[in-house]
Structure formats: C-alpha cells, structure tokens
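What TrEMBL records for this protein:
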type     : residues : note
TRANSMEM : 156-179  : transmembrane segment
TRANSMEM : 221-248  : transmembrane segment
TRANSMEM : 254-274  : transmembrane segment
TRANSMEM : 295-315  : transmembrane segment
TRANSMEM : 327-350  : transmembrane segment
TRANSMEM : 371-404  : transmembrane segment
TRANSMEM : 410-438  : transmembrane segment
TRANSMEM : 450-469  : transmembrane segment
TRANSMEM : 481-509  : transmembrane segment
Amino acid sequence: MREPKMCQIICKITVTEKEAKELKEKIEDEYRVNMVLDNLPLVVPVQRPDRNTVAYQGGYHVGVKGQYAGSKDEKHFIHNHLSFSVKFHKDDDSELSRIVGFEVKPFSKFVVNSETPQEVEVGKDIIFTYDVRFEESEIKWASRWDTYLLMSDDQIHWFSIVNSLMIVLFLSGMVAMIMMRTLYRDISRYNQLETQEEAQEETGWKLVHGDVFRPPVNSDLLCVFVGTGVQFFGMLLVTMIFAVLGFLSPSNRGGLMTAMLLVWVLMGLIAGYSSSRLYKMFKGAEWKQITLRTAFLFPGIAFVIFFILNALIWGEKSSGAVPFTTMFALVLLWFGISVPLVFVGSYLGFKKPAMEPPVKTNKIPRQIPEQAWYMNPLFTILIGGILPFGAVFIELFFILTSIWLHQFYYIFGFLFLVFVILIITCAEITIVLCYFQLCSEDYNWWWRSYLTSGSSALYLFLYAGFYFWTKLQISKLVSGILYFGYMLLASFSFFVLTGTIGFCACFWFTRMIYSSVKID
C-alpha cells in the first residue's frame, strides 16, 4: 500500500497453438478481464469525445485487433502491460489510508518502452508486466462508489419520464371522460327508466348485468395467475422502496438479487390469500388444489427454465454457472418457506366470507351479439399492450444494457417513477377497453382484462429480439440461447405482473359501475 512499483515482471510464456487460438477468439469476441481490489471493480477511464467528461468502462479488453503500418492484414495484439492507478483517501485522525479508486490503462508492448505492440503468434514469447501508482484523492471512503454510479444520460431518463407521462395524461383524459360524462349520463338514465317499454329498449353495459359476474372458463387458472401477479407486485414494490432508500447498493454484489428472492418467498402469503379469495368468489370448494397450483405453477416454470440454462453453462465449463449448493438452497427456500406461506395465506383467505357481486347472475347465459371487427378479442388484446410497453421501453433499454453490457444501474428513483406510470397505464387502458367491450354487450371480460395489459409482455420479448440483433454481437449458440431463455423468463414475469394490474383495475371498475345502478 502506497508503495509505487514500476515495470514489475509477472511471468513470461511461450504461446502454444491452443493458447494462440483461444487468445485470438477472446480478442475477437471482445472479452474483458475483471479485477476487484477492496471490493471495488477495476475500471478503464475513457474520455468522451462529445463532452469533456470521463466515462468508466468495467474491466479491460484482453486485446485489440489492428494492422501494422503499410499492411492490410489484420493481426491480434494482447494487452500484456497494465498500468494501475490506485486512489486512496488519508484519514484525518490517523496515518491510515483507505482505497477509494481502482483504475487501469492497458498497453500492448513487445518489450517495455517499445512502441511495437505484442502480437499473438504461435511460438512467440509474451512477457506480462505491470506498474502501480498511488494517488491521494479527496473522495471519501463512503462516497467512493459515486464515480461508478454517476449517470451521464439523465436527460434521456427525463425524456423517458415525460414521454410516459404524456401517455398517462392521454389515457387519464379518456378514463375521466368515460367516468364523468358517459357513466354519469348512463347511470342517471338507467336509474330514471320508469316504464316497461323504456326498460326493454335498454342498450349498453346495463343489459349484461345478469352475466357480468358469471365465472369465466378456466377460472382456477385465472385465480392462480392473479395470486402470482400480486406476489410479483408486492416483491417489486418492496424491493424498489428499499432500493430507492439506498439499502441495496451495488457495492454489495448480488444484494439486489438476494433481496428480490427473499421478498418473493415472503410474499407467498399474499399470493395464497388473493388467489383463494378470488376462487371462493367463483364458488370454488377445492382450496387446497388452488393453493398447490399457486405455489408451484410459476416458480416451477421459472425453475425449469433456469435449470436448463444453468445446465448449458455447466456444459460450457463456465465460472458463471450457479453451483449445485446454491440451487439446493433455492429449492429449500421454495419448499421450506414459500410453499407453507402460500398455504397459510390461502387458509386465511378461504376462511373469510366470499366477496359478493353487486348484481345477481342469471341462471341462463345471455347470447352475445355479433361484434364489430375492432372489438375482436385478439385485436383489442394486442392494441392494449402497446401503451404500457410504450410507457416503459426507454427505461427498458437501460435495464437491458445494465444486464447484458455490464453497466451499473443505480437510478432506482427513475425506475420507481416508471413503475408507477406502468401501473397507471395498465389500469387505465384495461378500464377503457373493458368499458367499450361491455357497451357492445360482450360480458366475457375476466380473461380479456388480464390479457389486454398482459400482452405488453409480447412487445417486451419482441423488443428483446430487436435489442439482440442491433446492440449485442453474440455469435455463439449457447450465449444466444441464454439471452433468449432469460428474456423469455423476464417476459413471462412481466406478463403476470401487468396482467394482474389490468385485471384488478377492471375488477374494481365493474364492481363500481354495477353497484351504482338500480336493478330490479
């Protein structure tokens, strides 16, 4: 510590044919070497040409491709000399110092002080060397992570927020118009209908009052999906609040993922509760069966996808594979804590009296009239997903970049704002489309409301494909499978979350409008 070293030789190797092939592959694929000193990741300072600021790139590249002067042949050059710069902050009270920065400038040198770069060639010697400089810094130990986390693109995030707010305002305007003008007019008109002739000429949403709360087909599955969605919503909300308050710093590596898993497991309680409450409303009696499905359906699918992807990483002998002990711990969390909590939640939910619909359901289902082309279920479902996706897709770009291009993501304040906007957008678009659907005398709104906002997950997956082709240079099959496997899992989770938000909004809306009209 604080002892500068110049040109220290680490080792000398003679490159074999296998090593040369591997090194060239790593340079081609732009592999980076990552190091950690006192829990600080190594960064390469890069001067930004457009502004007078320095950006930090995590890790240094194994090497570069280039040509000798006057030659057109492309060669591979390895970074074999590292010039480290360790920044330290002196303690005011004692002589002790603490590390607050860890930077490197990599070079390719044939011999030290030469301008000739070190080429990767079979049979050639490569000498690995390094320098270490220690610089005193004004940065305090508590704020040493600030450099890593400074976002240089704040204005893009504000643009994203404004863009999302425009969508929300547009939708809120539509909902307000429906609520105030149309509904108020409808309700007052329906409540004034005196004569039998007027009652027979009723049109619109009041006509389907005897069928609107009829349980849908596959109502059990809907209960399971809603329970899982509520679990997801709870997990994201709690995790994000902790992150916004600064409890989940990236300096605690893996902290965010651990927190999400733990909160997910604990939220099993509300998953069981909400699925059994809905199930009881549908006059279901087999509460244990619905509990088991809530506890195993989504986690089971997620675990199978995760296990297959991890098996592929194991097959590649990669250090990125999740060890078997960790897998066992995850299964233990799932079976030991999550499943019992879902059962407790279900038991509590089923003990409570069933939610009574505001209107009685007829014995015989009413015939649904032929619908206009624009009220086709597939069309409205696909249209419904565009706006929630539009509200989040700019922020999505940064999240994907942080996951797949190893950037730090620490702007949870923005993310929380976008999350709130997503909730409002999902709720409003579903209410608007549900109202139009009920006005055209189609009362099958249960699954439609879930799928309307849930279809934004389809656009998320398509965007992930677009991002793959435009931003990532992935050529290996296993890497491609990993990317699409994890994005499929993310899209499925997004579907469950947004679908549940849309469904809950619609459920509240239909109960509200039907409880405010007089029905004989």
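Even glycines carry a Cβ here, placed using N, Cα and C.
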Query raised in the report: Any chance the transmembrane segment (450-469) and the transmembrane segment (371-404) are in contact, meaning at least three CB pairs closer than 8 A with a sequence separation of 6+?
Result: yes
Query raised in the report: Any contact between the transmembrane segment (254-274) and the transmembrane segment (327-350), i.e. 3 or more CB pairs below 8 Å with pairs at least 6 residues apart?
Result: yes
Query raised in the report: Among 156-179, 221-248, 327-350, 371-404, which stretch has the most Cβ pairs under 8 Å to the transmembrane segment (410-438)?
Result: 156-179
Query - seg_contact(the transmembrane segment (371-404), the transmembrane segment (156-179)) with at least 3 CB pairs under 8 angstroms, min sep 6 - result: yes
Requested in this report: Could you give the residue numbers and ranges of same-chain residues that sit at least 6 residues beyond the transmembrane segment (156-179) on either side and whose C-beta is under 8 angstroms from one of its C-beta atoms?
Outcome: 387, 390-392, 394-395, 398, 411, 414, 417-418, 421, 424-425, 428-429, 431-432, 435
